[in-house]
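Per Swiss-Prot, compositional bias 'Basic residues' is recorded for 489-498. The disulfide bond annotation in Swiss-Prot covers CYS542-CYS568, CYS687-CYS700, and the record cites sequence analysis as its basis. Feature annotation from Swiss-Prot assigns domain 'Fibrinogen C-terminal' to 533-737. Summarising the annotation, Swiss-Prot assigns N-linked glycosylation site to ASN372, ASN587, ASN618, ASN660, ASN744, ASN787. Residues or ranges marked as region 'Disordered' in Swiss-Prot: 287-316, 489-509. Positions annotated as signal peptide by Swiss-Prot: 1-51.
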Amino acid sequence: MRDWQTFPDLQKKKVSRDHLNCPATMAGSNVLWPILLAVVLLQISVAFVSGAASGGVVLSDVNNMLRDAKVVTSEKPVVHSKQETEAPESSVELLRFVDDDEDSEDISSIERQDGRTMESKKMADQVRLLTKQLNALMLRRREDYEMLEHNLRKSLRLTTNANSVDADMRSELNQLREELAALRSSQSGNKERLTVEWLQQTISEIRKQLVDLQRTASNVAQDVQQRSSTFEDLATIRSDYQQLKLDLAAQRERQQQTEVYVQELREEMLQQEQDFQHALVKLQQRTRKDGSSASVEEESGSQEANQEQTGLETTADHKRRHCRFQSEQIHQLQLAQRNLRRQVNGLRFHHIDERVRSIEVEQHRIANANFNLSSQIASLDKLHTSMLELLEDVEGLQTKMDKSIPELRHEISKLEFANAQITSEQSLIREEGTNAARSLQAMAVSVSVLQEEREGMRKLSANVDQLRTNVDRLQSLVNDEMKNKLTHLNKPHKRPHHQNVQAQMPQDDSPIDSVLAETLVSELENVETQYEAIINKLPHDCSEVHTQTDGLHLIAPAGQRHPLMTHCTADGWTTVQRRFDGSADFNRSWADYAQGFGAPGGEFWIGNEQLHHLTLDNCSRLQVQMQDIYDNVWVAEYKRFYISSRADGYRLHIAEYSGNASDALNYQQGMQFSAIDDDRDISQTHCAANYEGGWWFSHCQHANLNGRYNLGLTWFDAARNEWIAVKSSRMLVKRLPAVECQANASASGAFVSVSGSAADAAPSSGATTTTTTATAAPATVTTPKTNNSVVQFVAAGQA
């Protein structure tokens, strides 16, 4: 707020307030009223100009000013009433100085009328001047309105330019989308790197533009602050105007009071004049009465007349002295009034001239400031509109970028995931290549051995064929000889000779047959022992495979007479199940699940029979690795894992759970394996048929990793009471250390002994049957068995 130092006219007004309180200066206040009216009109014009630029802020202030003016005018009758109530007291005080002279009152009234006529003429001139100034202000306001219209048209043109900028931004966004589509379709790393660098550059440029926008916004904020300071200056001017208005109202009140006082003095003087005339009339009547009765009562009333005459003379002297004193006081008052009037006129004209000059200077200054403010406000409005449009465009671009950035991140994450998959597949392919090379080397060795064995088998088969031909030839000879012998036996003289020949023939043929059979059996046993030696040299599981990387390896589980190709990890885990893309069909029969299916490098099931032999001694643990559709990794590990035999339905046995996934397999503890053609669950529905996959079902969906892909791969999370939607899964088996195996064997010795005896009984019975059949028919039974095992080994090596 500005103080009184910045407004010298107002300071003079404040200083001369004591002079204006005088009744003589009240007449000059009538001249100030049109000047203050001009100031009000000027303030209203400034308010209109500033309101055209700044909205309705200043208009509200103008409304407040008009409301205050209404309040002041409404309060005026109350002031008059107060003055009327207070007037009698002041009139009583002024009666002391009233004179009975009519001439002085007439002179003062004539002078007042002359002063009023002069003041009315000056007021008319001032009103004309104010009308001219108002006309000039109206012309300026019209020019300002035309300027505002021009600025609005420019702002509309800027909005059209903003539409073109918006079209450019849309075209750039379309280009970004096309490049994003190209980036999605392309697979080369250089293009992706270049697009990512381009995106980084564009984002950095956008950030720089945002910094520039922030700077311009700060500049605009400074301009707005300056504008607010100008508004504060206008508020100070407005407050000064309010103060002037209050001073004007006070001067009006004082003027009205003086007018009331003068009117009361007039009335009192008239009343005194009437009283004086009545007193003269009474004196004349009394003198007449005294003249008529003077002759009669001259002598008697001479003394009384003398007394009355002396009393009248004393009263007349007193009145003369009082009138003389009043006339002297009135003359002094008139002189003082004339001096005061001269001083007031001089001060008034001087003050009015100074005030008019100051008002004109202030008017010119306000007009210049108004013009500057209007131009600045117009430029600020342009800048504000352009900034708003630019901010809207930037916000739109930012929202679009915010919407496109997650898509880009999603696409980049997809590309990274695809790249990771490709790298993992490449590593797997490399591992598979190295493993294939190793397996090829092993197979080359085994094939060379098999070729040698095949040569031996060919020789053996040739020998067998030769033996068969010899046996057939001998059999035909024996038959012919027997026929001849029978014919000779029919003859009596040749019977003794036939008996001698028949006695010699078995002795000659039996050594040949026995030698051939023994050589054939020995060669076949040699081939079988070599095959079993090759099988025994293979590792029983992946814990015996010493490798530094994950890959495919040949293993031979305990009790199995043919090798098995499976995936092994570097830390000795054997992969028994894998799901990740739904490429393999897991809706298979119970026999297929028992034998196993799929490719070890992709989706596959190792087979329930192989699981039984891998976990036969109850010394294995199971680890289930899962990844849900939100890329969360879940692990469930069981320290004890065992699958029973085929006769028991491959029953599930687990214990000692750990991991971040829930113990969902515990709901299926002790359940037999179910498939689409063999329902062994305890549910009323066919779980394997409904969810299209074999599993150890109890009540269907507590855990199922062999169901239909994207439909039936689930794992129940008891902590959250919801199912995990599994995207990929892997089941791994590993043998426990020897110490833990002994502890588990001692803890479950009975169960292991029973299962072990059953498992041992089956091979022993098979061995006995094999030996008996081999001894009974060595040439027809043993050879096909050996050939089948060799064929199985060769097929496994080729796989």
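Glycine is no exception: its Cβ is also placed from the backbone N, Cα and C atoms.
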Across the whole of the domain 'Fibrinogen C-terminal' (533-737), what does the mean pLDDT come to? Round it, please.
90
According to DSSP, which of helix, strand or coil covers CYS687 (disulfide bond)?
helix
Please identify, among the recorded positions CYS542, CYS568, ASN660, CYS687, CYS700, the one with the smallest Cα-Cα distance to ASN618 (N-linked glycosylation site).
CYS542
Just to verify a number: CA distance, CYS542 (disulfide bond) to ASN660 (N-linked glycosylation site), in angstrom, no decimals.
25
Between ASN587 (N-linked glycosylation site) and CYS568 (disulfide bond), how many Å separate their Cα atoms?
25
Taking only the recorded positions ASN372, CYS568, CYS687, which one has a CA atom nearest to the CA atom of ASN660 (N-linked glycosylation site)?
CYS568
Of all the glycosylation sites here, ASN372, ASN587, ASN618, ASN660, which one's CB has the most other CB atoms within 10 A?
ASN618
Quick one: pull the CA-CA distance for CYS700 (disulfide bond) versus ASN372 (N-linked glycosylation site), whole Å only.
85
Would you identify the secondary structure of ASN372 (N-linked glycosylation site) according to DSSP, in three states?
helix
If you tally other C-beta atoms within 10 angstroms for each of the disulfide-bonded residues CYS568, CYS687, CYS700, the top scorer is CYS568
Measuring Cα to Cα, how many angstrom lie between ASN372 (N-linked glycosylation site) and CYS568 (disulfide bond)?
86
